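Here the structure is laid out as structure tokens; the discussion comes afterwards.
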Amino acid sequence: MKELSSAQIRQMWLDFWKSKGHCVEPSANLVPVNDPTLLWINSGVATLKKYFDGSVIPENPRITNAQKSIRTNDIENVGKTARHHTMFEMLGNFSIGDYFRDEAIEWGFELLTSPDWFDFPKDKLYMTYYPDDKDSYNRWIACGVEPSHLVPIEDNFWEIGAGPSGPDTEIFFDRGEDFDPENIGLRLLAEDIENDRYIEIWNIVLSQFNADPAVPRSEYKELPNKNIDTGAGLERLAAVMQGAKTNFETDLFMPIIREVEKLSGKTYNPDGDNMSFKVIADHIRALSFAIGDGALPGNEGRGYVLRRLLRRAVMHGRRLGINETFLYKLVPTVGQIMESYYPEVLEKRDFIEKIVKREEETFARTIDAGSGHLDSLLAQLKAEGKDTLEGKDIFKLYDTYGFPVELTEELAEDAGYKIDHEGFKSAMKEQQDRARAAVVKGGSMGMQNETLAGIVEESRFEYDTYSLESSLSVIIADNERTEAVSEGQALLVFAQTPFYAEMGGQVADTGRIKNDKGDTVAEVVDVQKAPNGQPLHTVNVLASLSVGTNYTLEINKERRLAVEKNHTATHLLHAALHNVIGEHATQAGSLNEEEFLRFDFTHFEAVSNEELRHIEQEVNEQIWNALTITTTETDVETAKEMGAMALFGEKYGKVVRVVQIGNYSVELCGGTHLNNSSEIGLFKIVKEEGIGSGTRRIIAVTGRQAFEAYRNQEDALKEIAATVKAPQLKDAAAKVQALSDSLRDLQKENAELKEKAAAAAAGDVFKDVQEAKGVRFIASQVDVADAGALRTFADNWKQKDYSDVLVLVAAIGEKVNVLVASKTKDVHAGNMIKELAPIVAGRGGGKPDMAMAGGSDASKIAELLAAVAETV
């Protein structure tokens, strides 16, 4: 077996499959594009779903890739096992309706065992297969595999909801008896026992059925096109080929671990407790790549995942004695390891470091809050005489504050408390079940549509015309091809068309189809791309249509021009964002409608009003500069030399279309555009908002809609000016400010009067001191305007030694407000209010020194006050 670096393994994989006629698919962005079913790209096949479900036909049905991926369903196991990772690299080879089982197995065996390639020893390889899949068994035998090395496994059948499915065969490497201390042998494979002896290095999925959850597996229908989908983890291959005990001792992780050694002063011991080193090395890889691909830490979705990873890594850094910000210092090492295939980490190093460091600094403050929460929980346990920290509280520390369970356990045990591990596991399982349920709901590969995939007739979109005559090539009605249709809805393909099919954020054209008499025979309501790329017109049929007949196709010209104004303005906006807030502000999505444009982009904070003003001004300057818009068809490399921006997630063919707006903007774009920027007329931003972690959205209008927006603002300003009696519009702001200042002064004066009144009233309330169980207390009903006044009472009470406990009740409107304050450790205000609040049909809680509650039964106030003596 050859000893290869990870870069050599990756390249040899790609070279082998290229020699078998495969094209190399570049690694896609970790953030899925146009796929709401995925939080992250989580496998090599995830980016190829459109090919497997038949919605798009690839130029070459043989594909290979090395795809960066993220999976986060087992974060807590990262660092504990030899093979769990959040970010990993999946090597794959795929056949879309081309070769199948025989070639997949034979070529796979050749790659693994040939001296020209990986040169694995054959006697170290074992294969599992689905028991009913005798063809795979026989093919392995034909390759020279001993029957004793073939293990039937009932679970070797791949399916995730509706869509492509089929048996799979897995390949394992036997690391020998040193990794099998109990000498269990092949039972480890046959009974799926977790072990470090047999390492799964490759899975070959034989996708031959359309899975249907409504029927038994035996009734699944054969796919129109059988497919091959395989995946081999680079990290595992590297561990085996480099003789590493775990994935972490390979050249993918050790350089990071060496840097952590320098930062911590600790030494990594492969045979010792090295979990913290592994967690840090794994998580900084995921963070570096995900942030480089446009995801940013946040409180939801993928942003929450990144925040959780970063906080877990920071806490493990503290366990190694690293108390200052340090993760950002590891980003260059990650970039250097992966540079040969993924140069983007080093290219975006400054931005990634900035985000990681800022998040570390924020978490340093959060740790203090989390420590305070834990201290409060432990104090409450002491007050209640309990000795165990509940699982739900441990989970909250873990989930909300990023505290690893080990740290909570350590701090709690130091304070003399036990840990409710089972309760924590239960809370964790509930979260995982919710996550898995979400995958089941949205993780299907999608059903293949044989009718659409079978359209092979050529069709060409004509950019520079609004109307043309063309022959009708295909009619599909009720999901079947037909020669004619006279009513209902149908899908049509023409030899050529002026109708733009929805793509790249630009909506489809609408319009009409006329016969040779000039009568409208169909209304075009939508246009989408067919699997083979033809514009597929969805029409409402008004009169007879037949294949082979010529028709006149007319688009709605006014609508197209309005859409083009917004699309061209989107290109200007994209360039302006780069200039004003930074080149990291790349497109994350767009929509160019008739009435408005919507542009989503990566950015880590709200765009300030001043920045929005600059962006809006810059776009309008380019409109007024009357820049000529040109389009050029060329190859991708030439386009990039021209400075064209290629968008994440977009797949470009051999010939691409470059849209250039003067010297200001150059982008790869297949959409339609104006001839000159001046045709936009006017550009106005109407909204800027966050739509998720690290993603902002700008909504803007152009032309007539922009003018209407300005006029509406002016009308509103005139109304405000009239209300505040400003002599001119320019004086309105000063008038409003003066009124605001006056209101603030009055509110301040009112608050001071309330405070004086409360202080005066407090003198009477605080005189009535009672005693029970050795505790001095005051219990009184007070007449106040709001709950804030109760806190003012409590603040005044704290200033002097009136009593040990204060209980105040106020009927405010239809609600009863209760406050309990305590100066003594013998009375926990939060616990006391939990006993008192139900008397007035309420509930509440709080800290040991202060608690509040709300109720609804004012008739029981006297009963509550009488109960205070029993509850202190």
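The backbone N, Cα and C atoms fix where each Cβ goes, and this holds for glycine too.
What Swiss-Prot says about this one:
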- H567, H571, C669, H673: Zn(2+) binding site (BINDING)
Apart from H567, H571, C669, H673, which residues in this chain have a Cβ no more than 8 Å from the mean position of the Cβ atoms of those residues at the Zn(2+) site? Q506, E564, T568, T570, V659, E667, G671, T672
Row C669 (Zn(2+) binding site), column other C-beta within 10 angstroms, all chains, value 26
Sorted by position, what residues of the same chain at least six away from H571 (Zn(2+) binding site) have a C-beta under 8 A from it? V659, I661, S665, E667, C669, H673
How many neighbouring Cβ atoms, not counting its own, are there within 10 Å of the Cβ of H673 (Zn(2+) binding site)? 24
